[in-house]
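Here's the structure we're looking at; comments come further down.
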Amino acid sequence: MRVLGIETSCDETGIAIYDDEKGLLANQLYSQVKLHADYGGVVPELASRDHVRKTVPLIQAALKESGLTAKDIDAVAYTAGPGLVGALLVGATVGRSLAFAWDVPAIPVHHMEGHLLAPMLEDNPPEFPFVALLVSGGHTQLISVTGIGQYELLGESIDDAAGEAFDKTAKLLGLDYPGGPLLSKMAAQGTAGRFVFPRPMTDRPGLDFSFSGLKTFAANTIRDNGTDDQTRADIARAFEDAVVDTLMIKCKRALDQTGFKRLVMAGGVSANRTLRAKLAEMMKKRRGEVFYARPEFCTDNGAMIAYAGMVRFKAGATADLGVSVRPRWPLAELPAA
């Protein structure tokens, strides 16, 4: 079967077609980074309007890339939440409309389940059970995963997500939006140990995170030490090391608590090379395995939605023709497949 996936939850328009026998047949992506750069962050109204302009042309491009026509599509999956309500409504409206016109099922997909399942698109997909670290601009969560829809939240950020903290700290360092990848690049030139940032909430039991204090610590460090290039790089290094160490410490605890031997890392921040290297080293010492998607599937994309839609469709999930989205949607509320 072939599923068309539509992703419009924030500032990327992603369209993909997934075949359960042949794999990914098409993958189209348009990023709105340049549109929002002057504002230092995503402007919801601008994001929604740009999705309106880009979604249908990208669907046409995906069909052309795959060599398919509408008659070859067996289902349409779309991100129904969580995300920006206006952006979600664009994808949901287009998805439901196409499903009606093509007389195929419409499948609402949870955005974070899409991220969680993105490593399944790789040649060496993880087997259940595993601990999942979902780490992005909007979420930082540790989840026990024993099957599709069998998700137990172990811990999450009580304030800023890790990706949000990266972007905010990057802005303090004078970097453009989105600053997370630029901060990591700057950190590679930094001197380890010149500055030492705290590892929030690692001195107490539990698996929750807190990253807002690191931004404040960075602001104070910048104020007290100036902004020459090397100092900025050293601060970036200290910040990144603190975030990576914190995530690693919490992952260790989650693995100890569950007894699982596999760790899956997903979401935009999972593309961070330092984080990947540290977690790979940690899992090697534990004689376990770590899995993640290729970098282009770490950030928002249509491929993960098409794949998650296929999984949910096979489990019997479909929707009526009403258009509804859930800007806030806990992952634990999803039914088991």
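Heads up, residue numbers simply count up from 1 along the chain you see.
Just so it is clear, glycine is given a Cβ too, placed from its N, Cα and C backbone atoms.
The substrate site in Swiss-Prot is built from LEU134, VAL135, SER136, GLY137, GLY138, ASP167, ASN272 plus one of GLY180, GLY259, GLY288, namely GLY180. Summary of the site annotation: Swiss-Prot records Fe cation binding at HIS111, HIS115. Screening the candidates ASP300, ASP320 against this entry identifies ASP300 as the one listed for that site. A distance of 13 Å separates the Cα atom of LEU134 (substrate binding site) from that of ASP300 (Fe cation binding site). The Cβ of ASP300 (Fe cation binding site) lies under 8 Å from the Cβ of GLU7, SER9, CYS10, ASP11, GLU12, GLY14, HIS111, GLY268, each of these being in the same chain and 6 or more residues away along the sequence. In this structure, LEU134 (substrate binding site) is part of a beta strand by DSSP. Neighbour density at the Cβ, taken as the number of other Cβ atoms within 10 Å, is lowest among the binding-site residues SER136, ASN272 for SER136. With LEU134, VAL135, SER136, GLY137, GLY138, ASP167, GLY180, ASN272 listed as the residues that bind substrate, the site has a largest C-alpha separation of 17 Å.
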